[in-house]
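Quick notes on the structure that follows.
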């Protein structure tokens, strides 16, 4: 391999940016470039005294000794950043430490003068802050002296062919630039696309079950000095699992409670709980049957290259049943890279030909029609290509199929009201496409299927800070807009504030029907009677003209303006990210003009001030 080191760093929330980053890594290795791919927050970008060090407690790195001036630095001369944009222009969780550091005002303008870089962004143009993270990072790297090889690539989920419509041509230009700057020796030929690269791990199979194996997939006895985390979740007993929408309502919404006694978990209003779901036993059995795997077989993983860690959450040794149940996301919709690798591994001529078409740049419309639009799963695709599926070497399973990612839920309760308990409000995801079998969300369907009345059930979970922070002063009122399940974090906030004697709570809640999906109606009414809450409702289907929370805000414009401008209220918004945030912000700017006497530009400026001072906060999801 040539001496030049190519580094690909990614920030990914749902796995798409990681998949693109790994594609970059594969394409680099095919071109005989030495390449490493890793999460942004796992890379030590801080240098002291000119030396890069091991990752420190802040996640962005530390060197020893701790004397000297802290500065930004990369060991590699060429770095490709692959970044998704989440929520309302937010960076993914696994690059937030890097994001905070890179925007420190005291970083010298020459920090990255030795660095060549390129930025590839992933976003959705239906949102106002389309690819905000990639655009802002590209500008910041230029400010710090970096040299951009290309303009930032802005992949768009809304394009008919998805992000690849922009990525394919950008990558062609990127490799031309890179190989021009860092040519490889002429005797190193490019590895053809149809030849599989070595697997990341080698799997050693055992004929018999090892004598010493982990009894539980997750550790239940926690280190008291370490709070539960993704690598060490707490196995929380499920206490209740109650449907809170009427039987006639189109959507099954659950209020689920977990017991966290002895976990060391602590949280405040606005925090989120992460839950690690599992595949169903029926799907696991089907997967093993199609691939010809023995679910009772045991194995150990061995990285093929030094420095590659084994996947977190997989015990060593591990059973095939555990691998497929707890780790491989066989219920996810496969990405293009899945078809590319499966084609490389297939020896069946007709299936290989079709897989090559679906993984090619010219076959993306066919892939979208076959897979993305109907939301066909990995398991279903493998069933459609049985000869190729049955020939997959076990070594390639972890390269072919992504891991199951934890799902985040807003915590819907306060420890002050419900000690040693965590509650969530969860909509069960189910919808129909042209495929016969309904599409189901992995985590929500799994949780909905669990019945604590039939016996003890424990769910792996942990807690992390959310994006909402509430004022500590008892005199500051809060306005909360939470339609549907978006009301969940506000129930936690109201319970917490009421327990602390804070009464300036104004909740705008919206749903379809009072009698079908009015969550916590009795609880809100009781708090109203006690003078602890002002509740404003919008039942969208109970009259001929649909009424939403933004209409109620405008109707109460004088009160909203009074609370924000005269009493220093904080404004919060939570719910679906598609249309509601834009509708609510439009209603607010209208209120600022009509009741505050502001011009349109001044109203926009006023809203910006509220956002910068954290008096306007949002938590939204797709």
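Heads up, the Cβ atoms here are built off N, Cα and C, so glycines get one too.
Predicted, not measured: the structure shown is a model, and the values here were computed from it.
Positions annotated as domain 'Flavodoxin-like' by TrEMBL: 6-175. What TrEMBL lists as FMN binding site is 12-17, 84-87, 122-131, 157. Sequence annotations record features per position, and here TrEMBL assigns domain 'FAD-binding FR-type' to 231-472. According to TrEMBL, the feature FAD binding site maps to 375, 407, 408, 409, 410, 441, 442, 443, 444, 621. Per TrEMBL, the feature NADP(+) binding site maps to 485, 540, 541, 546, 547, 548, 549, 550, 583.
Non-local neighbourhood of residue 444 (FAD binding site): 407, 426, 427, 428, 429, each in the same chain, at least six residues away, with C-beta under 8 Å from its C-beta.
Using a 10 Å Cα-Cα cut-off from residue 410 (FAD binding site), none of the binding-site residues among 15, 87, 583 qualify. Counting in whole angstrom, residue 124 (FMN binding site) lies 18 from residue 583 (NADP(+) binding site) by their C-alpha atoms. Between the farthest pair of Cα atoms in the FAD binding residues (375, 407, 408, 409, 410, 441, 442, 443, 444, 621), the distance is 26 Å. Residue 410 (FAD binding site) counts 27 other C-beta atoms within 10 Å of its own C-beta, drawing on all protein chains shown. Take the CB of residue 442 (FAD binding site) and look out to 10 A: across all protein chains shown you find 21 other CB atoms. The C-beta environment of residue 547 (NADP(+) binding site), restricted to residues of the same chain at least 6 apart in sequence and closer than 8 Å, consists of 538, 539, 540. Pairwise Cα distances among 485, 540, 541, 546, 547, 548, 549, 550, 583, which the record gives as the binders of NADP(+), peak at 19 Å. Cβ neighbour density within 10 Å is lowest for 408 among the binding-site residues 84, 408, 549.
The two recorded residues, residue 84 (FMN binding site) and residue 541 (NADP(+) binding site), show a Cα separation of 36 Å.
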